[in-house]
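Novice: One structure follows; several queries about it will come next.
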Amino acid sequence: MGANQLVVLNVYDMYWMNEYTSSIGIGVFHSGIEVYGREFAYGGHPYPFSGIFEISPGNASELGETFKFKEAVVLGSTDFLEDDIEKIVEELGKEYKGNAYHLMHKNCNHFSSALSEILCGKEIPRWINRLAYFSSCIPFLQSCLPKEWLTPAALQSSVSQELQDELEEAEDAAASASMGSASAGSRPGRHTKL
């Protein structure tokens, strides 16, 4: 076991939306979990790979111009090592895929709560995800909030990099396959499995 590392919930105000929702006592917040000087968060995109991304802790500018840092909430501590946390985040990425994002049922705050429960045994404070709870009771609210407005810019960058990596891997595999089949053709009796 490692040293006790603080587990911190960084909360960001989506200030342009809160101008409308604060009058009814509901804020719209983005959150991420900070541990070992790294912050992990979740957002949506249309692809079937992880929607989890990493930013510099508390840096709202990496999320985009509509986000403002609100506060840091210490949730507890963890004895997991940094390598363990990377594995946990990778495993959570199988559940928190970009195309599984749903504003009311699987959003950044749900991810933060899941990671916090694993790391220190505590959920995030309920007020942070209050909008998801209330809007699940009032279905028309879901249609009032476009999903693309709530995808942090840092995630867009992460998605672009993931797509570029997949494209390069596909090109490398295609080049290897064509080289392999060309050389396989010159050897009698050899079969190339694609």
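From the backbone N, Cα and C atoms, a Cβ is placed for every residue, glycine too.
Note that this is a predicted model, so its numbers are computed, not measured.
The active site annotation in Swiss-Prot covers HIS30, CYS108. As annotated by Swiss-Prot, compositional bias 'Acidic residues' applies to 163-172. According to Swiss-Prot, the compositional bias 'Low complexity' annotation covers 173-186. Positions annotated as domain 'PPPDE' by Swiss-Prot: 5-149. Feature annotation from Swiss-Prot assigns region 'Disordered' to 161-194.
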Novice: Which has the fewest other Cβ atoms within 10 Å: HIS30, CYS108, the active-site residues listed?
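Specialist: Comparing Cβ neighbours within 10 Å for the active-site residues HIS30, CYS108, HIS30 has the fewest.
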Novice: HIS30 (active site) to CYS108 (active site): how many Å between their Cα atoms?
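Specialist: Cα-Cα distance, HIS30 (active site) to CYS108 (active site): 6 Å.
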Novice: On the DSSP side of things, how many residues of the domain 'PPPDE' (5-149) fall into helix, strand and coil, could you say?
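Specialist: Taking each residue of the domain 'PPPDE' (5-149) in turn, the totals are 63 helix, 40 strand, 42 coil.
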Novice: For the compositional bias 'Acidic residues' (163-172), could you work out the same-chain residues 6 or more beyond its ends whose Cβ comes under 8 Å from its Cβ atoms?
Specialist: 47
